[in-house]
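The next block holds one structure in the form of structure tokens; read it before the comments.
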Amino acid sequence: VYNTRQLNHSLKVGVALVLVSLLYLVDSLYEKVGENAMWAIMTVVVIFEFSAGATLSKGLNRGIGTILGGLLGCLAATLADQIGGAGEAIAVGVSIFIFGVAASYIRLIPAFKKKFDYGAMIFILTFNLVIVSGIRDMKIFDLARDRLLTIGIGFGICILASLLIFPVWSSDELHSSTVSKFHSIASSIEGCFEVYFNSIDEKDTKKTATQNGYKSVLHSKSSDEILEKFARWEPWHGKFGFYHPWDKYLDIGEQLRELAVSNHSLKECLQSPRQPSSKSLKLSIKAPCEAVASLLTTTLRESGESIDKMKVSRSGASLVAKLQKTKLELSTAISASELGELSNDEGIAVASSVFLLMEMVDKVEVLAKYVEQLGDLAGFPSH
């Protein structure tokens, strides 16, 4: 699937480049834009990204930066020209210094950098090109207008190709990746206890691989943030409106990563050589542990399905209540006498496993509340 999407993206870029090249190839178009057609081609090459949201983000940033840089560059060049003489060069130098420093400083502000860093960079570039060109060319307004026009043409071609030819939506990717995280952790929890309560001979590579499903969740922070940023730029499409609460996906992702960390700790603890080999002890805690694990995985999958189908799960509240009840049963399952028969290392290993499992229950409860908040903000219907 991914290879097909890569091929589709490459074809879209090819189509966009052919269309923008018509500004050079068609005589009537070239007579109107001239050598400024180069800026349209540069725009296509620079802003065409894999997803529609990324292309829109970069394109609008480039457009805003070009317009502001062009306008302020024209004004500064005009004022410098009014001064004339040696004062013109000084005025140009001072303007470049002030706007360059201000724009560079603003780029370092985290909130601004996250959304408009590229636009600020284009502003600096355009401002300097326009004001410096104004010293040698008095047709500065015509120059700025023509360049803005060709950049707009390149941007329009990119957007049409990105939105109309096999569009790739960052919002869809963020949505589906969030759902898959729920199922990955649920499968990993199941795998951990399957291995722990079975004999060593019954282990196989499939079960071991299932235990490691949480690892993909641990390293998802940067990709989630990138997808969320681009999803905000995308227009209404499919099941996502203009004001879909994408920031809640980041909150849910953070909770899932915390749960994945606990999952990793639980896996390592259950596989520790310090775990007791006594089958009777394992049997005594098997039922409550499997009950908690089953409810954890059921709740995770229910939450994932709720997001996937964009519907509020009716059983969500009852599952959370059952988690609390089962957690209490687990805490009383291991009596002091049973732990007293173990060595210090074995007792600590068992207690740690139980503690981590109960900690995961608390985190899943918090996660369920985040999913409920997402449903409220996004207007999920109940089912």
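Glycine too: its Cβ is placed from the backbone N, Cα and C atoms.
Taken from TrEMBL, the feature transmembrane segment applies to 7-25 (among others).
Positions annotated as transmembrane segment by TrEMBL: 37-56 (among others). Sequence-distant neighbours of the transmembrane segment (37-56) (same chain, 6+ residues past either end, Cβ-Cβ under 8 Å): 5, 9, 12-13, 16-17, 20-21, 23-24, 29-30, 62, 147, 150-151, 153-155, 157-159, 161-163, 167-171, 173, 227, 229-235.
Taken from TrEMBL, the feature transmembrane segment applies to 63-80 (among others).
Annotated transmembrane segment per TrEMBL: 86-106 (among others), in sequence order. Residues 72, 76-77, 79-80, 112, 120, 123-124, 127-128, 131-132, 134-135 of the same chain lie 6+ residues outside the transmembrane segment (86-106) yet bring a C-beta within less than 8 angstroms of a C-beta in it.
Taking Cβ pairs closer than 8 Å, the transmembrane segment (118-136) reaches residues 57-58, 60-62, 64-66, 68-70, 72-74, 76-78, 80-81, 88-89, 92, 95-96, 99-100, 103-104, 106-107, 112, 143-144 in its own chain, all 6 or more past its ends. The transmembrane segment annotation in TrEMBL covers 118-136 (among others).
The feature transmembrane segment is assigned by TrEMBL to 148-169 (among others).
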Checklist line | Beyond the flanks of the transmembrane segment (63-80) by at least 6 residues, Cβ under 8 Å | finding: 87-89, 91-92, 95, 99, 116, 118-131, 133-135, 140-141, 144, 147-148, 151-152, 155
Item checked: Contact set, same chain, for the transmembrane segment (148-169): CB under 8 Å, 6 or more residues outside the stretch -> 5, 8-9, 11-13, 15-16, 19-20, 23, 33, 36-44, 47-53, 55-56, 59, 62-63, 66-67, 70, 231, 234-235, 237-238, 240
